[in-house]
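Quick look at what TrEMBL lists:
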- B:147, B:169, B:180, B:264, B:383, B:388: substrate binding site (BINDING)
- B:180: active site, nucleophile (ACT_SITE)
């Protein structure tokens, strides 16, 4: 399904030769009638060339096409890298008969190396020739954006007069303000550009931004949302924004879960739910501190419900809580009560893949859930061997 | 040498039975004539019971003795844990014929478990009986405070009318605002309590606080400084504070290097020197961001001079720099020039244990060095298996 589930979109994915094997270049085209677009980018100051390009291109809230490549991030490549991004957009525009400033770009792969531009350009041409609105085309695009991912990540949602389709990649580096995470969301809703932008930001805030695999923020993180207005039963007056927001948020949360489930070398996928926080932001801060504790993450890998490392991580933040009243549960067992020893830790079963940590701050009524994973030998192996 | 190098100090270390084998309880006594004391503690809100005790005990800037145990952190142990700390201080005071509020405490080991108090109390008695001012006594104390450390960490400095002796432990969790790091520094200088406090804070700021092994801040981090005024050639008017500061800072930096060199499972010890920063604080922030990047740390383990991960980490901070002018060197090879590809990365030799990264921000004239280590399979192994 993926990005072609919504009416008004075509896609393709091809093996252009950027990676040693497999598909590595995707094209998504909005055939209208509307071509509204919104985006959320990495806040990393070292932004990749495609991010610099796309920030400019989307400033008018319109986009006709997105070109995404794996097999090279085009980050830390200086002015030459930006020229490569520009050339990619120009080539796509010529091939599709559109304007270059309506072409969005995203790249993923190794940073600090120039792209194989011959592969990018010929792959773009091939994709343009193979554009299709069927399921297979959406699946091919979803496959072409993968790096160390082991499976494609796609999702579809339906609502009153709209469909949303999405694809994402990212299997490591998931992080604050996102992940090396690329995602393209398409919808055939009738929606104003500013409403699309607001909906995307809210959905991202409580989904991709709360998936924190290893605390490292990428140079390339990007989420695009494109709206065609092509749904056969679309309300010309505009989609129900509340219903649309709910559907978009749930779809993004679904994709975020898929990303964490496939994180590099993870043996456990962990949901850290912080409850009774003074504010939602503080709940998020507490959960994120735990999600970034290598000591916590290695303990979970070792199937050790080491709640002291959870308290220690929360204690490094400025979140409101009393160390003498905080409770912590791991997989339903309240191993920490009132900041001290609670139920028998040997009752905690960490043999399964899913882990839920609940941190009760007893400081208010807000809550937030951060998704992360454990730190394993496989993580070290994949990330020490990746470029060599 | 260790803490008995300075005149006016006695020490002992014994196997009290807190650990399954080896020494695990240390006692250091200041025999005067002055008994000035200063301390720097963890800023973690989840502070261990000995930290809560010692913060109170040192509020009058006087201490006669320090009791340190390994084999149990007495952290996350609630009110019972604080009572255990109190009982330890009372017992040491009775045994030594001093006041309990002049006894400082520190503990290290697993968190979330009560101390074996029978071992702590009997070990304190044994240490009191074995107190000595010779080298062997200092060495025994330095050995008794170790946890997963593989070697003792000690240092001695001499100056005009003063000697400084120090011991430290910590082989993981080294972090911001210190490490699960305990250190006792002794000096026979004649120095006011407030000058001792100021000197300790400055020395700690540029040494232990810049050793960042895994970004995790302990519940127990503590550095104590004790001054006896007992040096035979001490100036009664007081030590030269400039000379003392320099000596204390260098001694702490020496100990910090020893800690990082023995960090859990490390294969490389890494100095990240950030130069030409707008401020010293910004230089520290940039270096710390790199030191906490698991992607950077696994790359170094894999002997991969992956400078893109360095730029990406710096980019997550709010430090002033231009991504298009920043330079980065790894072991002397400027692999990144002007934010792009510099010298041939294959020239970088990472086969040795020591690694130096230089980040040139080109934003000012300040610099700072953060010490860290790589992220290895051994780190994951040690920290996933530690309590099980």
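Cβ atoms are placed via backbone N, Cα and C, with glycine included.
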Item to complete: Against chain A, with Cβ pairs under 8 Å, which of the binding-site residues B:147, B:169, B:180, B:264, B:383 show up? Give them in sequence order, please.
Response: B:383
Worksheet item: Under a criterion of Cβ-Cβ distance under 8 Å and sequence separation of at least 6, what residues of the same chain contact residue B:169 (substrate binding site)?
Response: B:70, B:108, B:142, B:145, B:146, B:147, B:149, B:152, B:153, B:181, B:182, B:183
Response to the item:
DSSP says residue B:147 (substrate binding site), in three-state terms, is coil
Worksheet entry | Least buried by Cβ count (within 10 Å) of the binding-site residues B:147, B:180, B:383 | B:147
Item to complete: Name the secondary structure element type, per DSSP in three states, that contains residue B:180 (substrate binding site).
Response: coil
Discussion item. So, three-state DSSP: helix, strand or coil for residue B:383 (substrate binding site)?
Written reply: helix
Practice prompt. Within 10 Å of the Cβ of residue B:264 (substrate binding site), how many other Cβ atoms can you find? Include all protein chains, please.
Written response: 26
